[in-house]
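Report on the structure given below.
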């Protein structure tokens, strides 16, 4: 770090006494205009290179290890039930089974807890091949309507699910209309496991985006019935399932929080889940999964972060060693004039 | 009026002049190059097409009504006015493809096709276009102010009743009678009516028009001579019928009707706007053409808008990006169509069967939907095209231009003019110049002569040394004393304060060569730097040949055409001479004690001062004949009768001419004199030989009859007859001596040329002057030196008037070129240097289509090229030839209107400001007040600007590719529906706020090395000339880096945020969370990247880089706190979801590091094992090795020069070789002196 002073041209500013009249056009001296601002001019010395790589490596590898171990600590049960919940005889007519209102869609699944799961245990449903991020879908909502009763009729953006029977739908739009409607009931050794469905949505959504005076109205009353129906007596701000659903996922495969089981689950606990398999993913071949998972500081189970950190960190350590070796075996003195182009070309022509 | 009481010297000049006054207009044209010589009939022009103009003299009112309502004298060079500004400027803006694209996108953004909200499309576009237009408006305003300065000049105009008063130039109308005083410019094209001289002659300097420095004589009609004072115009009326406005400077046809008589007019009565009245106290003239009708304005071509090579290449990159954009969009819309057709029907949650009256997502018409989607995609991926690139570049360039304007080291104290970047779009081009085409007069020289040395009777006088000699001696001295160097700068003579040689007193070399080295005293007398006491104060009387010396002085004082002017303040005389050389001679004669004080029609009076008597003796020399100088004769003579009745012919002229005409016994001093002449030539001085001849009465009278006969002859061969007559008497001369005059170069010109040559630039001199002058200047600027092989191309002197003369001349030129090329090819000595000197006539042929490439390749092989007697048009043609033939960047520099063509034609035009004329400056892209500032402009500013802009553009593409492609990848995950993962606001801010300021600071403040180092290592300039920082390798590298970064950013984020919870609270990431995190990664990665790119951090860069990252978080915070109706899913995102999640920070860190890893590896490896020059110099500076190891530093500086064959240093080297050779031969001294093989140059 060498900061350059303005010692060379400081005098210029005071040399103006001789011709006072003409100096109107004379530029005023300042370090800024003369491009002489003190500057730090770091250069990439081998020491810096090696230190930088080593440092990155040394920081990243522990982070990677920590992430991996955190991910390891997470206990996750994933159960795909979309196929198995269709009775044998309907396996070839899945769609018909789902669309029929006559069929019994109840389905029972058993889950074994592989490791001890400390509370809270989060319950998710995971959908696959479901384009919640499709532009038509994402745009089909009305934030104004959701937020306050006064804007109940603002449904322009909700097309084609904006109005039913001539009046506005609350909540309007495709997202709300296609609300997920499978339900899960958990029991452990015939004892019901309470699923807490409070506080699964984001606090700010509940408080600021979904009005406490907005009640579902005209919902799912059109000719097409999409997903879940809403209890018209509960304001939207309390409809946490809807709030969670309305936060559209970025990828076609996504999980959404269903609820929390607030007791610890012990190893080899056998959990029985009674599923109301209502939601139609069969028409587009989407999978449905039930996920129970604990969390740590990095959230749920995902080794990717740790692996990525370890890779980058390892690479940096490797590079730092490479540069050390290069430097040892083929050193170059910094500022060695023989590396200047005119010294390198034998012909004497700088190039 | 102030004219009363003025002492006016009435002289009939026509008597003194032999040639020029009675010269036919054709002969003037002939000098100006064939392109301009148009035949002109002297007969009265027939009224008809092209000759319809009628001017009612002294009746300007008649011109206020139609049909004589001609334009006023108002000139305007602005592009816009208040009304046309908006439509025109907007049109200009949208001629850029990128802007047009964004305009279309903005228009579409109001429809539902657009993936973005209208404001996010329109706001950046409005910002960008608005800024560009503001800049445009500012530049036009400056032009307007410049115009107004000219328009508001004042001139004396006849108001009626014989009264004249001041009027603004722009108010002058056709028909006005104006009075122009000495050294004023003519406000419009005038018809000369009368002048301060009795016979209506006046002198005009047309430097601004054609660049010729010698004064031109104009002559009024006899009939208008009586109108010689203000009162006489009271009742003056006349009518002029003449040609319509046209751009031909050398023709004019018309007639004057005065008192029912018709008189023919020709160009010698026309005074053109922007030429200047010289040596004449005043003139009266009537305005014929005004404003844009004037010849000079008719000549003005609209300045072409120039774009730098970097920008042109940038356009190509943008086209590539457009291709990528279209490709990506096609893939995307194809994917969309397929998905819509095949899969969408099953996506019940989209209600595919219920279209919303459009075909945007209709599975039944996938083709149509696909086409709509193509438009959407084209808008969506628009981020691949950096919308802010143009505007950022413009901002950067304006700031760079500001630095150029503010540079104190390019500020000229004398004229008070700073450097000025008149257009800012060529800044980086300054760093890539390959060839400089320079005008001579006013650019390299100040057109001022200094009498420096003389040789009289074989003795050299004059001790002042030229700079070449001083520097060579100094260099030798430093080498002799074992390489010890003062101030660490032995090689750089110029570093230590230009002429600061005062420190070393006297250096005596072994061989007895003594060089007195002292700081050249600033000459007290303008034009006279002679220092030798042997001749001063009458000491010459005691010299060996006082008689010859006396004669020498008398020739100086008598043989000329100047007139003296008494300076009433000092009592001394100043001289109005036709050429500056003559002025210098007269000043010298005055200083020697021979003061030319009075000229009458027949005599010259000289006050001679001798030490013997206190009072000067005034002697009268009767001038019997004056044989004028012209470029063909290369000599002038006077025949005088002195007070003793002795008839003498005094002659001065080019040495070769004079030497040929010496009598047998007049060659006494020839050997010595020619030796001295060679020395003077070597020292870059202009030389003339002086001689005399005693005439016998009978011989003279015989000759005089002949001469008079020739003089009164009529017809085309009159001139030839005159020359022949002159030839008859100018022989049998006796040599007296020679003079050496320094054509005062502008300050620092040789040094600057030297440095530029070391930086690898080629320098061509294009001048309207004659060959000898140009060659002399070539010597003075070290473009030529002794030992250089000169190739002279000029047409042979064939007096053929036959039809195939042209063909013969052409073949001759062709042969000369072929021979010269052959000679260069066969040359084996690597040190051999060639110089090409070509004159205008030869150039006419050389520039013809079939020969020009041959000519160019010859010229490129030569170390220096000098083109003399070239017309403005040829200057432009040569410039075009170089520009197009070599494909390299050319820079033209000049100061006069004759340089305008070349300035406009070249890639970069530089005008010299400070001299009066403004045309060159107005046409230029940069103006500087001295040639020497060119070095700093190119080597420092050019180098910096080039690197800055190149790096900046590369980075811009990088960052936009890195950003834009993530949008594309995301599309693949949304069924190509056109949904963006980022909030609209993020995207607006990305280019405008979050990443633009650091890159602008890179473009404005980056310095790879300091300005001193740039100057010390001229070879660094070649980095720009070779385009090392903007070649395809580098551009593609940066694009690949962008591609890599986009992949890293997207897939690391997707992988990490996959489906699981990202918070301890169990929530999974939604689109807003992932998008925001991804965007954070981008901001961090690209800002980190720019920090790695920079090598120079002032507080500004540090603040801007960190500030950009901080701004992003602050924005996110503020945005999150705004109403959820505005921020949508981003509401409180940072506070509630992202900031508490360690994974958010972890991802940012990881991605930022991963994105920059390859670049870091690249620069680490490159610096370690393949460092570029500036890297090594940075290291030397960093470790302060330059201070510790000064010898190394100096050595490297001297090596860091382009191996050049021109320039001062090369010349000093040659001189050293020569001196060493001399020393060596003196030491060995057996085999006699080595003879320099090359013949003495053919100088004057």
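Even glycines carry a Cβ here, placed using N, Cα and C.
Database features (TrEMBL):
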DOMAIN    B:55-122  domain 'P-type ATPase N-terminal'
TRANSMEM  B:317-338  transmembrane segment
TRANSMEM  B:371-393  transmembrane segment
BINDING   B:439, B:440, B:441, B:582, B:629, B:652, B:686, B:767, B:768, B:769, B:869, B:875, B:898, B:899  ATP binding site
BINDING   B:439, B:441, B:895, B:899  Mg(2+) binding site
ACT_SITE  B:439  active site, 4-aspartylphosphate intermediate
DOMAIN    B:921-1171  domain 'P-type ATPase C-terminal'
TRANSMEM  B:956-973  transmembrane segment
TRANSMEM  B:985-1005  transmembrane segment
TRANSMEM  B:1035-1059  transmembrane segment
TRANSMEM  B:1071-1092  transmembrane segment
TRANSMEM  B:1099-1119  transmembrane segment
TRANSMEM  B:1139-1161  transmembrane segment
Cβ atoms near residue B:899 (Mg(2+) binding site) (within 10 Å, other residues, all chains): 36
Pairwise CA distance, residue B:439 (ATP binding site) versus residue B:895 (Mg(2+) binding site), rounded so that it is a whole Å: 7
DSSP residue counts for the domain 'P-type ATPase N-terminal' (B:55-122), split into helix, strand and coil: 33 helix, 3 strand, 32 coil
Pairwise CA distance, residue B:686 (ATP binding site) versus residue B:895 (Mg(2+) binding site), rounded so that it is a whole Å: 23
Other C-beta atoms that fall within 10 angstroms of the C-beta of residue B:441 (ATP binding site): 26
Other parts of the chain folded back onto the transmembrane segment (B:371-393), taken as Cβ under 8 Å at six or more residues beyond its ends: 96, 98-99, 101-102, 105, 108-109, 113-116, 121, 124-125, 127-128, 131-132, 311, 314, 318, 321-322, 324-326, 328-330, 332-333, 336-337, 358-360, 949, 952-953, 956-957, 959-961, 963-965, 967-968, 971, 976, 978, 980, 987, 990-992, 996, 999-1000, 1003
Between residue B:441 (ATP binding site) and residue B:895 (Mg(2+) binding site): CA-CA distance (Å): 8
Pairwise Cα distance for residue B:869 (ATP binding site)/residue B:899 (Mg(2+) binding site) [Å, integer]: 13
Mean predicted confidence [pLDDT] for the domain 'P-type ATPase N-terminal' (B:55-122): 82
ATP binding residues B:439, B:440, B:441, B:582, B:629, B:652, B:686, B:767, B:768, B:769, B:869, B:875, B:898, B:899: largest Cα-Cα distance, in Å and rounded to whole number: 32
Separation of alpha carbons, residue B:899 (Mg(2+) binding site) and residue B:768 (ATP binding site) (Å): 10
Site of maximum Cβ density within 10 Å, from binding-site residues B:439, B:895: B:895
Distance from residue B:899 (Mg(2+) binding site) back to residue B:441 (ATP binding site), taken between C-alpha atoms, in Å: 11
